[in-house]
Amino acid sequence: MATLADKSTPVPVEDNEDPNTIVSRLVEQDQIPWYQKPNLRMLYFIFIPTCLGVEMTSGQVDSVNFYFDSSMMNGLQAVGSWDLYFNKPRKAELGLMSAIYSLGAIVAVPFVPYVTDRFGRRFAILLGSIIMVLGAALQTAAQNFVMFVMSRFLLGIGIVFAIVAASSLIGELSYPKERAIMGSLFNACWFIGAIAAAGTTLGTFRMVSTWGWRIPSVLQTFPSLLQITFIYFLPESPRWLISKNRGPEAFAILAKYHAEGDTESELVKAEYVQIEKTLELEKETSKVGWRDLLKTSGMRRRLLIGSFLGLATQWSGNGLTSYFLARILDNVGITDNKTKNIVNLANTCWGFFNATILALTVSRFKRRTIYLIGTTSLLTVFTAWTIASARYAITGDQASSKAVIAMIFLYSPCYNIAYNALTYTFLVEIFPFHVRAKGITIFQTFSRAAGFFNQFVNPIGIENAGWRFYISYVAFLAFEVVFVFLLFPETHGKTLEELAFLFEEDEIQTQKDRVQKTLQNEQNVVDVPSSGSDLDKKV
């Protein structure tokens, strides 16, 4: 057995170098792209059905936007057999049907951090996926409106387990150079499910039998079945393993995927030390409970930002196009069901295109700047959308109707540039490991609560107030711009351990001292396998 802190092979520290930047420097010196690294390439491939695939399953448009379900709900409202089978639900019933999904997530929220932190990220994904399969099966077999609503309640419970664990695992497993991009692609993958859902409802909306809506419902099981099948091939989070005193396993995973099996890698040694010492310090300064989120001014600021993002990703106007596009089109004179489904599918395909491009590019830029660009753009577009809707309602001008459709398509990249591409990346960065699951759960809580209110009120507001209802969104978007400008920190270009004490200066210095001491080989850290075969057994 070889030791991590082998005194004959110290990690080189440059003169006057900040110990917390050593990993960043070593990563920058690595010029080999990920696709030329077999182990890392395989890891990212496994991400597709297990973690990225969570976004294909079901949900609602916030940063979370598990778009298969929301796109399907848009399409089903334009499927005649569904409308007739459930006696043409309107207003309160339609709102309840959509909002019950969020209520299920809210009910699950208190249990998510416990499961994720106690049993691991992989187990939480598996549990959530099993619950979602049961929910989708119940929805497919629904014999009445109550069964359909309860199936969506189950889907809401399942998705929150999967989404919190998957977003954390992506950030904690990815190679530092691609971490932000993988986090951005997480939300972009919702559109794969969305295109399947919109395309399916377009193909079934003319069916007279109940299979016109049962077929789209049964397809919701597909992403979850992929997660259940492939989760066993996905390694556990090294940070979670270290927190459970399973250091050798964590080091083996880091070596296999971040250094292609090289246990003598300077980068892996530095990563391990930085993670271990950061988690050690986090444990000393916290009790790993919910109160930690209120303990310091820095934690309270994190809590405020996470709560704000939960609200903003729901109350930026996206809830209208995600669940109630058919009703919006009714209000501007587009009443043909086929046309509605075509608009839904086209908008979804456009969203997938721009979300993917943005996910691959915006992570290179400063987070705060991108959020300011996104919120300002949303405010501008939604204001124009409201004005065009008002003109159509007052004058019946067809040009205004076309302008509304144009704004719907323009809205997509404005939302995706920040709230889609960066939110999970940003959440993983601002919350340190010991409260990361809790922080993302807080985000989920506010997102689901806002979604429950929003989706219950939206159909009533659209039908009764028309374009005037949109003014409330304009007001909140203006608030978003101010909030981001005043409170969002910059996190670009740093490792998760560098960001662990983003707002705590005293802890930052202690962290630096401990990392530097260990990297200079003044103490041994962990026994690691000395051969490739042993390493493979560990992973």
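Keep in mind that glycine also has a Cβ here, set from the backbone N, Cα and C atoms.
Now, the feature entries from TrEMBL:
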TRANSMEM  42-61  transmembrane segment
DOMAIN    55-492  domain 'Major facilitator superfamily (MFS) profile'
TRANSMEM  94-116  transmembrane segment
TRANSMEM  123-141  transmembrane segment
TRANSMEM  153-173  transmembrane segment
TRANSMEM  185-205  transmembrane segment
TRANSMEM  211-234  transmembrane segment
TRANSMEM  303-325  transmembrane segment
TRANSMEM  345-363  transmembrane segment
TRANSMEM  370-392  transmembrane segment
TRANSMEM  404-427  transmembrane segment
TRANSMEM  469-488  transmembrane segment
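Ranked by the number of CB pairs under 8 Å to the transmembrane segment (153-173), the listed stretches 94-116, 211-234, 404-427 are led by 94-116. Through the fold, the transmembrane segment (345-363) approaches residues 67, 71, 180-181, 183-185, 187-188, 190-192, 194-195, 197-199, 202, 321, 325, 370, 408-409, 412-413, 416-418, 420-422, 425 of its own chain, all at least 6 residues removed from its boundaries and within a Cβ separation under 8 Å. When each of the listed stretches 185-205, 211-234, 370-392 is scored by C-beta pairs under 8 angstroms to the transmembrane segment (42-61), 211-234 comes out highest. A contact links the transmembrane segment (123-141) to the transmembrane segment (211-234), because at least 3 Cβ pairs that are 6 or more residues apart lie under 8 A. Outside the transmembrane segment (370-392) by six or more residues, the chain places 312, 316-317, 331-333, 362, 400-401, 403-404, 407-408, 410-411, 414-415, 417-419, 421-422, 426, 466-468, 470-471, 473-474, 477-478, 480-481, 484-485, 488 with a CB less than 8 A from a CB of the stretch.
Contact counts against the transmembrane segment (303-325), taken as Cβ pairs under 8 Å, peak for 469-488 among the stretches 185-205, 211-234, 469-488. Sequence-remote contacts of a segment are chain residues at least 6 beyond its ends whose Cβ falls under 8 Å from one of its Cβ atoms, and for the transmembrane segment (404-427) they are 62-63, 65, 167, 170-171, 179-180, 183-184, 186-188, 306, 309, 312-313, 316-318, 321, 325, 328, 332, 334, 343, 346-347, 350-351, 354-355, 358-359, 362-363, 367, 370-371, 373-375, 377-378, 380-382, 384-385, 388-389, 392, 439-440, 443, 491. Within the chain carrying the transmembrane segment (469-488), a Cβ under 8 angstroms from the stretch's Cβ atoms is held by residues 301, 304-305, 308, 312, 315-317, 320, 367-368, 371-372, 375-376, 378-379, 382-383, 385-386, 389, 458, 461-462, all 6 or more beyond its ends. For the domain 'Major facilitator superfamily (MFS) profile' (55-492), the model gives a mean pLDDT of 84.
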